[in-house]
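Per TrEMBL, these features apply:
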- ARG17, HIS18, GLY19, GLN20, SER21, THR22, TYR23, ASN24, ARG68: substrate binding site (BINDING)
- HIS18: active site, tele-phosphohistidine intermediate (ACT_SITE)
- GLU94: active site, proton donor/acceptor (ACT_SITE)
- 134-173: region 'Disordered' (REGION)
- 138-153: compositional bias 'Gly residues' (COMPBIAS)
Amino acid sequence: MRSKHEEDRATRVILVRHGQSTYNALGLYQGSSDESVLTEVGRSDARLTGDFLKGVVFDAIYSSSLKRAQETAREIIKVTSPHTQLRVTNKLRETDLPAWQGLAFQYVRENFAQEYRLWKQHPHEFWMEFSGSVERQGGQGRQGRQGGQGGTRGPHDRREWGLGGEGGQGSSVAPALTVNCQLSSRSVASALTVNQQPTTNSQQLDKFFPALDLYQRVREFWQEILPRHRGQTVLLVTHGGTNRALISTALGITPDRYHCIQQSNCGISVLNFPDGSLESGQLEAMNLNTHVGEHLPKPQEGGKGLRLLLVPSGTNAAQTQNIARFLKQVRIDFSLNSILDSYHITVQQILQHHPETVQFEVLREDIPEAWQAVIGRRSIANSQQLMTGLVMASEETIARLIGHVFNMNSDVSERISVKKGMVSCLQYPGDRHPPILQAMNILTTQNGSSHKSDVGWAIPTQIFS
């Protein structure tokens, strides 16, 4: 238990992804384009998020500068903190993907398959290449490497963007794209100074690494706000990619695991910094969205492969019944638990509504290692349908399993705070995509419902306990 002095120094940060946007509804890449705004569903969910967070006292509220995030933040503020000023920052905008912004997901998958594969499997190596000068903040042009003064460009100018292929070489598949880009000149100028590489072309060419740029500006954001808000509670309303980077940089997760964290529209995540420093970051909850009617997060990558529902052992009778009701409507194909403890009794109680579930028991507690051997079988990991398993293990074991997804070191139990009575969710889409933490510490309510009225003060009293 932390001392009063330690609690006074602790900083808690609640992350919320924006509500459904017009580009979300159309299945388009958004990036840092500001064309996308909230749909009516997005506005309604933002208000529900405000209802869910009502009662949490925020010392500061920050939002991305993009409209869809600001709109979400203002809907939340109306309910939770009507007198709190919204602080807008460019550092929290979404991942810059200028060559794809406005393009359909399916179009990119089909027409830029090589680049798309690199982005999904090795995001830290993925780059976009463009020609032409880019405006610095304040309208000041930059000088090209091949000589000549870059002209001033407005936010709607057309630029030529190419995509990085395998091994960091220009793609032979996709020529340079000419697209309408709405870019932050500050982000591009920053990326150019960090990621410039020599070129033999006669024309000025620059490489821009979207994931690396995002992680760099998110680190800068943490360095600004954590000293400013030591011992306070802060709300950040941002984007899926930005939240991934915020969580990753707080836990020491590297950019190559960018796609291993799921963020749903209006999903809520909670970070704790016990001594107020970035190095002390802990994940207390991730991607909670039962308050907007989503029972479990939507499976990713075509909804196939394996999904694990992780339940900590040692739950009391009330918690066990809550979990059983919460999972009543979920198809569970199998369960896995240790035979050395009384886990099997609790598992049977949770599975009382699932007579068809196949139950497996192992003779040891090294479930993470045993499970990695199981999913190594291609016939299971690459299933074209979604197979769901229930895994009961100790909090430490579940933390290790989650840490394995992120390739975290041995201090994982100090950084991943798994809680009894709650459910976490991992998906293994197959060998072409890394595993995904879909949610952590999902709140199971008293009657198994996913409505806010049944959850009440769950965020401040359960997650923050």
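Using the three backbone atoms N, Cα and C, a Cβ is placed for every residue, glycine included.
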Residue, out of the recorded positions ARG17, HIS18, ARG68, whose Cβ gathers the largest set of other Cβ atoms within 10 Å: HIS18
Rounded to the nearest Å - Cα separation of TYR23 (substrate binding site) and GLU94 (active site, proton donor/acceptor): 13
Spatial separation of GLU94 (active site, proton donor/acceptor) from ARG17 (substrate binding site) - C-alpha basis, Å: 10
Neighbour tally for GLY19 (substrate binding site), based on other Cβ positions within 10 Å of its Cβ: 28
All-chain count of other Cβ atoms within 10 Å of TYR23 (substrate binding site): 20
SER21 (substrate binding site) - helix vs strand vs coil (DSSP): strand
In the chain carrying the residue listed as 'active site, proton donor/acceptor', residues 6 or more apart in sequence that have Cβ under 8 angstroms from it: GLN30, GLY31, SER32, SER64, LEU66, THR238, HIS239, GLY240, GLY241, THR242
Remaining residues near the recorded substrate site, that is with C-beta within 8 Å of the centroid of the site residues ARG17, HIS18, GLY19, GLN20, SER21, THR22, TYR23, ASN24, ARG68: ALA25, GLN30, SER36, VAL37, LEU38, THR39, GLY42, THR72, ASN265
Neighbourhood of SER21 (substrate binding site), C-beta criterion under 8 angstroms, separation at least six: GLN30, SER36, VAL37, LEU38, THR39, GLY42, ARG68, ASN265
